[in-house]
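Engineer: One structure is given below, represented as structure tokens, and several questions about it will come after.
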Amino acid sequence: MCDQTFLVNVFGSCDKCFKQRALRPVFKKSQQLNYCSICAEIMATDGLHENETLASLKIEAESLKGKLEEERAKLHDVELHQVAERVEALGQFVMKTRRTLKGHGNKVLCMDWCKDKRRIVSSSQDGKVIVWDSFTTNKEHAVTMPCTWVMACAYAPSGCAIACGASGLDNKCSVYPLTFDKNENMAAKKKSVAMHTNYLSACSFTNSDMQILTASGDGTCALWDVESGQLLQSFHGHGADVLCLDLAPSETGNTFVSGGCDKKAMVWDMRSGQCVQAFETHESDINSVRYYPSGDAFASGSDDATCRLYDLRADREVAIYSKESIIFGASSVDFSLSGRLLFAGYNDYTINVWDVLKGSRVSILFGHENRVSTLRVSPDGTAFCSGSWDHTLRVWA
């Protein structure tokens, strides 16, 4: 779900014909070049054999896709809920709002937990990034960004820094070190790490403070070195804005999944920069993706009002979480620590809790007064936090 369109017109010298024209980015061997539309079309047809056209290649690609789906279907012998029939049903499920964090002056767009299971970082359309103590509800740090629509924020694994990315003016991801001095000017220690050609939609540290993954409205994801700001790897394959990403939960952390406005969820190898698996069963934008705790599957939430579970080993979708009464999009998803529950925030102001195995809804949580935009389970699994367009965050347990 993209709530604002950021259009960037670049006019300048084409890197191929050197004429002054409207430009668009073209990638050759991970290097970005700026070509005019004529040169871009010429480049696209380079290497075609006799009697081959782009249209014929597209038809061939669709044919290969169809064959791949046929092979996948052969392995589709049983549904997840059928396997789970003998599993005992969940008992009565009760969760309540335990804390409400108030302080943002506009829509809360993103949040993340610190590994200490206590602190939370949140970003908002008011241009502020706030670090909270979720036990006391006190604000520990606040940073005012140079532009509004701070769509991404993340805590470093050490808990000693936060990252945040904004849209609009600079499209940068910045890292701020945290100290015990709450009066210190954090903006003075800001380090600009990543820069995209369109808005920054998501960011996540890898398993160290030294590397960060970003996703952007320019249709790419990228891996950056925090210290030098150098681009380590770029990931091209989405056909539209990338809205979300999630790093695999393994210690090695060599893969991540992304979702976007092209309705695709793609799994990437961070070392090679290649897409290793792709899933295209949603009917609208994918707003959120989250790995299953074991790393063998992931869930997605979409504007098509469904959440879906994909098994990476079976290479297919294994469950759909939906009801006819749910007509609003799912904006954010996350698993309980055991993986049995899937929490999903929706644009109808509610949070639905799904039984992952049986595919049934076990609870609806009410409390927010506008759409739920972000949701994350705490590192120890004892609570989860949701952020909303009603300007607040809520801690549930």
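In case you wondered, yes, glycine gets a Cβ from its N, Cα and C as well.
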Engineer: What range among 54-81, 166-193, 362-389 does TrEMBL describe as coiled coil?
Structural biologist: 54-81
Engineer: Averaging the per-residue pLDDT over the repeat 'WD' (193-234), what integer do you get?
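Structural biologist: 94, rounded to a whole number.
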Engineer: Please work out which recorded stretch in 193-234, 235-278, 279-320, 332-364, 365-397 has the most C-beta pairs separated by under 8 angstroms from the repeat 'WD' (101-133)?
Structural biologist: 365-397
Engineer: Sort the residues of the repeat 'WD' (193-234) into helix, strand and coil with DSSP and give the three counts.
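Structural biologist: Tallied per class, the repeat 'WD' (193-234) gives 0 helix, 25 strand, 17 coil.
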Engineer: Same-chain Cβ contacts of the repeat 'WD' (279-320) under 8 Å, 6 or more residues past its ends?
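Structural biologist: Same-chain contacts beyond the flanks: 1-2, 72, 75-76, 79-81, 243-250, 257-261, 263-267, 326-335, 337-339, 342, 344-346, 354, 356, 359.
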Engineer: Using DSSP, break the repeat 'WD' (279-320) down into helix, strand and coil residues and give each count.
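Structural biologist: Each residue of the repeat 'WD' (279-320) counted once, the result is 0 helix, 23 strand, 19 coil.
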